[in-house]
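Now, the feature entries from TrEMBL:
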- R38: pyridoxal 5'-phosphate binding site (BINDING)
- R60, S61, Q68, R276: substrate binding site (BINDING)
- R234, R361, K426: tRNA binding site (BINDING)
- K247: N6-(pyridoxal phosphate)lysine (MOD_RES)
Amino acid sequence: KGKCPEDGWDESTIELFLHELAIMDSNNFLGNCGVGEREGRVVSGLVARRHYRLIHGIGRSGDISAVQPKAAGSSLLNKLTNSVVLDVIKLAGVRTVTSCFVVPMATGMSLTLCFLTLRHKRPKAKYIIWPRIDQKSCFKSMITAGFEPVVIENVLEGDELRTDLEAVEAKIKALGAENILCVHSTTSCFAPRVPDRLEELAVICANYDIPHIVNNAYGVQSSKCMHLIQQGARVGRIDAFVQSLDKNFMVPVGGAIIAGFNESFIQEISKMYPGRASASPSLDVLITLLSLGTSGYKKLLKDRKEMFSYLSCELKKLADNHNERLLDTPHNPISLAMSLKNLDQTNDAAVTQLGSMLFTRQVSGARVVPCGSVQTVNNYTFKGFMSHANDYPCAYLNAASAIGIKKQDVDVFLKRLDKCLKTFGKEAKQEKSINEIRDANTTTEQLED
């Protein structure tokens, strides 16, 4: 049926299935005589076993989704994977998606592929409207495709950084719609930035007849991000949305899913990919989804949401204990931010030092963001880089509740963070005491004089 099974399969059943696919590829035929330059020959048995002898990859030189006659098993694997992934995207909240395919590139290069496909539709266009998000790969995806990003600064609403819709529309009018390749928006992001106003952007794109590409990097795991995409497509225009395999399905880095609501456009993107492609990302995600089933994946989504509430509650308590606060970012369903005002006021280097302390204590993924850092990416200079704004009011620390996170991860993180902050607190008190003693000594000396 081409759908993800409700109940996951056991490992022996999955292996049997993969072996049945593999014997359909010509390189595994007993009497095969190969005289071409690409015949699926693998010298290492270890490498062959690692790939379940599915060696030919997927697609043909002109289309990554095309069937390869001498690799019927690998081609079937590709078709089934795309079908199962489409089923899971619908399950996650984008009910009206019509087409998708797995591409063996991470999110940034997959976005580049989308932009290059649009080039043929809009030959005059040279600009991409991009509400700012301080993440290098999505910015480089536009540069690599040969376009000029037009950075739209976010607006501060309370603690949240949100899309400046008026600035987007003003820039479209100033540049001319025909000169704009697309609007490149974002769902999943680090707090205090929150997902873009997708519905409003989709309406603007529909009104000006401008394509709309959504960077949904780790948004599949969030019902809120998927709902935004569904609503955007319902009321306006979304041409494609791109998501990472590793972040949403817990497989090795190296693959992404390009999905959309117009099957012919998604096929155009797949035909833009030059040559055939590695089957590894498709194989990894198919094995994972077969082992989980829809019930297993739904449980992971439910657990993630519960852990987000738990992390939010506990991080707020810790922040209060250290005279800091959990930033109020209700529109971000995955990432949280805690202010580091006291740390920043104590010592300019203290914020970055906290990040180092956490990393050496085996806390990965937490980001500390100091005020006022400047970074140049491909000759574009960003003030306040990593904070998604030129001048965010305070330094802060990020933590995220992503799919697969456990209560133990949250508890250990909070314990180690608390210990690090207490260390800084002791040092600050010691420094204050030393300064008070110095002040007292100076006063005595002055009196004696």
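Backbone N, Cα and C define each Cβ position, glycine as well.
TrEMBL entries are annotated by machine, without manual review.
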Substrate site shell beyond R60, S61, Q68, R276, criterion: Cβ within 8 Å of Cβ centroid:
G57, I58, G59, G62, D63, A66, G275
If you count the other Cβ atoms within 10 Å of each Cβ, which of the binding-site residues S61, Q68 comes out on top?
Q68
Rounded to the nearest Å - Cα separation of S61 (substrate binding site) and R38 (pyridoxal 5'-phosphate binding site):
12
Cβ distance under 8 Å to R276 (substrate binding site), same chain, sequence separation 6 or more: which residues?
H56, G57, I58, G59, R60, S61, I64, Q68
Over the residue list R60, S61, Q68, R276, recorded for substrate, what is the maximum interresidue Cα distance in Å?
10
In whole Å, how far does the CA atom of R38 (pyridoxal 5'-phosphate binding site) lie from that of R361 (tRNA binding site)?
48
Count the other Cβ atoms sitting within 10 Å of the Cβ of K247 (N6-(pyridoxal phosphate)lysine), across every protein chain shown.
22
Within 10 Å of the Cβ of R361 (tRNA binding site), how many other Cβ atoms can be counted across all chains shown?
14
Rounded Cα separation (Å) that holds between R361 (tRNA binding site) and K247 (N6-(pyridoxal phosphate)lysine):
23
Expressed to the nearest Å, what is the distance separating R234 (tRNA binding site) and the residue listed as 'N6-(pyridoxal phosphate)lysine' at their Cα atoms?
26
Taking the binding-site residues one at a time (R38, R60, R234), which has its Cβ surrounded by the most other Cβ atoms within 10 Å?
R60
